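Engineer: I'd like to ask you about the structure that follows.
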Amino acid sequence: MTQTPDATGAAADARWLARRRGALACVALAPVAQALGRVERVADGIAFVSGLEDAMLNEVLRFDGGVTGFAHTLDEDLISVVLLDPDAGVQAQTAVTRTGAVLEVPVGPQLLGRVVDPLGRPLDGGAPLGTADTLPIERPAPEIIERDLVSEPLDTGVLIVDALFTIGRGQRELIIGDRATGKTSLAIDAIVNQRHSDVICVYVAIGQRASAVRRVIDAVRRYGAPERCIFVVAPAACAPGLQWIAPFAGFSVAEYFRDRGQHALVVVDDLTKHAATHRELALLTREPPGREAYPGDIFYVHARLLERAAKLSAKLGGGSLSALPIAETDAGNLAAYIPTNLISITDGQIVLDSALFAANQRPAVDVGLSVSRVGGKAQHPALRAASGRLRLDYAQFLELEAFTRFGGLTDARLRAQITRGERIRALITQPRFRALRTLDEVVLLKALAAGVLDAMSPDLVAPLRERLPSWLDARLAPPRDRLADDAALSMLAESIGELVERVAADAAHRAAAGGHAEDAADDMGGALDGEHASGDATSIAPTPPGGAEAGAPRKR
């Protein structure tokens, strides 16, 4: 039935009246009281505020001029507020208001491939994040009943780690060692190796130089899958407050994917600098110092952070969040305060030794001090069987090698152990960005156990490792799980002597030709290293994708 003009006008009036009523319902009919605080003093990124007795711990406070901070400690008369922006414009008597909200960070797929600060603000020159999803940076760790056993391996592609110190999905494995021993390199190799997996990687940089972060981003863009990585960066030049919240923000970003049944990996580089920042803030806010001037809650701060890494039960989607925190030691002192705290919190540690690093063993993993407490249950059965005696044989070799410095060996059995140990050391010495598949690792270890590698020079192990994947692919049919056929793998390991002879012949031919091929390869490697080390020290934006892809390795 067609409406008359009068009926149409009445309907429009009714809609207008409904809109006006809705608008008026939001209008306060009486003055609204809002607590207003004042800055008493400000220095070193900390503002002491009075007049906000009802403020909550970790609540976001806003200063006149737009600067924000969060309540760090609550006293009777003053609140210490950690500033998240440069404190320019914040001075005594500046007005401060509450927001009633806690710190949150944007989360979601829109962050993949981006470089952001702990508040989600882009640092890569890209567009602002188009996501409305946020999570608090402080979230409770999953309860015991919500967790499941760690049963799946997180493949790093590094033979010594996968074979001896397996990391499981949902595990917390500490990477610890002196300065410049390859801690970040080992963690980045683990990230790069996820380029063919279903793991989302989050790299958190705390207090690092912008040039160092730039090199990490370039390495991931060049060798890994940057479209499945997120970089949360709080460089050394930013406010201490941003450095303090960075690891918590990184975990929240990763938990978004874990809670949806996916798998995530968080690398925190590094918690030693985070502990120093926490000590700095505590001393500035007059908290009582404890051992090594750290406040008494430093253990709790790191424990509540790392406990958020977990393997969730199937009822909650079965997702996992693995953590690779990094810590720095001073002169190899693992008994210092922060290292002992982190070792007791995590599920194991990979200890890097400066003497091994100086001896050109990369990664410089100390086999005697490293351990993985839960990852062994997640190790692939074929790899577990192949690496059964590896640790014992290598430990015996290191002990025998120390004695051989005082004289020669006449016992044939001891000479055989030395020979085997030299091949083991050559196997576990692995260049960066040369990840091995689990299949490659199993065949190499089986060939080692069968004595196939004993007759070859240790110098030929590296070219053998490079040519092994294509050799295996040509001889193995592509079933769904080629690691299940143990008999076929054992036969391949025993017949690898064919490849060994070919590698030895090629090496002899190059030596006869004057080593031109090696010189050319060294020149190319030096060019890549020089390109990798270059860059603006003040910018952390990655290099353009076109330049990064030009040197990308062939995918296997």
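Cβ coordinates come from backbone N, Cα and C, glycine included.
Look at Swiss-Prot and you will find GLY177, ASP178, ARG179, ALA180, THR181, GLY182, LYS183, THR184 tagged as ATP binding site, backed by sequence analysis. Summarising the annotation, Swiss-Prot assigns compositional bias 'Low complexity' to 546-556. Feature annotation from Swiss-Prot assigns region 'Disordered' to 514-556. As annotated by Swiss-Prot, site 'Required for activity' applies to SER370.
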Engineer: Within the same chain, and leaving aside GLY177, ASP178, ARG179, ALA180, THR181, GLY182, LYS183, THR184, name every residue whose CB is within 8 angstroms of the centroid of the CB atoms belonging to the recorded ATP site, in sequence order.
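Structural biologist: Surrounding the site, in chain order, are GLU328, LEU352, SER354, PHE357.
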Engineer: When the number of other CB atoms within 10 A of each residue's CB is tallied over all shown chains, which of the binding-site residues GLY177, GLY182 has the maximum?
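Structural biologist: The residue with the most neighbouring Cβ atoms within 10 Å is GLY177.
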Engineer: Work out how many Å separate LYS183 (ATP binding site) and SER370 (site 'Required for activity') at their Cα atoms, rounded off.
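Structural biologist: Given the Cα positions, LYS183 (ATP binding site) is 13 Å from SER370 (site 'Required for activity').
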Engineer: What is the interatomic distance between the Cα atoms of THR181 (ATP binding site) and SER370 (site 'Required for activity'), given in whole Å?
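Structural biologist: Roughly 15 Å, rounded to the nearest whole number.
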Engineer: Measuring Cα to Cα, tell me the gap between SER370 (site 'Required for activity') and GLY177 (ATP binding site) in whole angstrom.
Structural biologist: 11
Engineer: Least buried of the binding-site residues THR181, THR184, going by other Cβ atoms within 10 Å?
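Structural biologist: Minimum Cβ neighbour count within 10 Å, taken over the binding-site residues THR181, THR184, occurs at THR184.
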Engineer: Quick one: among the binding-site residues ARG179, LYS183, which has the most Cβ atoms sitting within 10 Å of its own Cβ?
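Structural biologist: Neighbour-count leader: LYS183.
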